[in-house]
Amino acid sequence: MNTAFQPTISFAAAQDMSDGLASFKSKFHFPQHEGKDAIYFCGNSLGLQARSVEAAIRQELEDWRNLAVEGYFRAKNPWLFYHTHFSETMAGMMGCSPEEVTVMNTLTVNLHLILQSFYRPTKERYRIVMEAGAFPSDQYALETLVRLHGLDPDDALVEIHPREGEKLLRTEDILDTIARQGNSLAMTLMGGINYYTGQFYDIPAITAAAHQQGAYAGWDLAHVAGNIPVQLHDWNTDFAVWCSYKYLNGGPGAAGGLFVHERHGNDPAFPRLGGWWGNDEKTRFRMEKGFVPKPGAAGWQISTAQVFNMAALKASLELFKDAGIENLRAKSLRLTAYLEFLLGQTSLPCEIITPGDPQQRGAQLSLFFPKDGTAIHARMMESGIICDYREPGVIRLAPAPLYCSYADVLRFHDVLKSFS
Ligand SMILES: *Cc1c(COP(=O)(O)O)cnc(C)c1O
């Protein structure tokens, strides 16, 4: 496929012309650079604002102003059920039933909450297998979790490292590490895509390996949601959490997603920390004793829906619904491959550490610079290319297919050429 790529304006323009998703670009606000839209390759960190967001937030302001407390039932989007407005679209992207998914709180908070349900260590079974170099919040969450249980992180947390001289994890090494824990394994908790390398892990194989040891498999899908469609139900994953402000464009601090497989979610006795929003609506307002969880992931809800926080996400997900996650993934595969092709035409002193196999990555390419990474990143930013730098030495480029074009990728390449 790559041999057909060309580093020319006419080629990029022809790709954009035949791209069925090209019109979505105009539905977003872009940061400006010298009077023009910047090239935005940071959607893996904070997605752009959809133009429809303002009206979505205004709607809730109006309903609050005009209806006050009656807005819970009579708002255009009744607040009492606000989290359900996301269920269908989220379920479609994550490969589960609408009951298996919910939107609430934020990612690390949800991770802590769901870990209270799934991590119940015993003397024998208490270990958690995770990737070395996981996103810091996940590292902190697991470290403090095991300490809360009186355990030593050096013993309870088993980190999988790349082999000497390598940057990616081999699936066989992940599976081996899981198998070696035997009865001591309580859970695996991995990021679906590693934020630093961009490596997309084999979720079904890792999940099956955890189950084989009698352990749960949990996933942090922050970099997967809205990027790669997954099949959380069929892959038998036990639980997953993600945030909504990266590829999903929900805005800074947007409410996060939670998946709980129905075999746990439909068990009202499954241990959890409850609150009134997770209680059955039919009995919630009787204000009586006795927690009755709603079936599904919504049974982990705790507090009143954060309507203003969620309004932007609602607007953004409508665009995802229109675009279709499978179409986005198809474009993304090609757009990222084009970026990879163009990087191959430059003489940047770096190595692409993200897997070359398109099935093992999403919309991100991580460029490792043995030196001068920060200086090169600063030059990119000055040139109107918004991307980020992560220690040690990595510039991450994420051409999100919803609002990035082939012409953007080519313009990026032209800017790089001016560096040498
Ligand atoms: C972005 C990200 C987070 C951020 O957590 P918040 O609670 O939303 O601040 C956590 N984990 C991973 C893997 C991430 O990529």
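Numbers run from 1 along the shown chain.
Even glycines carry a Cβ here, placed using N, Cα and C.
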TrEMBL pyridoxal 5'-phosphate site partner of L107, T108, F135, P136, S137, D138, D220, H223, Y245, W276, selected from T171, T177, T304:
T304
Binding residues L107, T108, F135, P136, S137, D138, D220, H223, Y245, W276, T304 (pyridoxal 5'-phosphate) - maximum C-alpha distance in whole Å:
31
Tell me, how many other CB atoms lie within 10 A of the CB of D220 (pyridoxal 5'-phosphate binding site), whichever protein chain they belong to?
27
I'd like to know which of the binding-site residues listed (F135, D220, Y245, T304) lie near ligand 1, counting only a CB under 6 Å away.
F135, D220
Distance, K246 (N6-(pyridoxal phosphate)lysine) to S137 (pyridoxal 5'-phosphate binding site) (CA atoms, angstrom):
15
Can you name the residues of this chain that are 6 or more positions from L107 (pyridoxal 5'-phosphate binding site) yet have a C-beta less than 8 Å from its C-beta?
S137, D220, A222, V241, W242, C243, G256
Given a separation of at least six residues and a C-beta threshold under 8 Å, show me what packs close to K246 (N6-(pyridoxal phosphate)lysine) in the same chain.
G43, N44, S45, L46, G47, A222, H223, A225, G226, N227
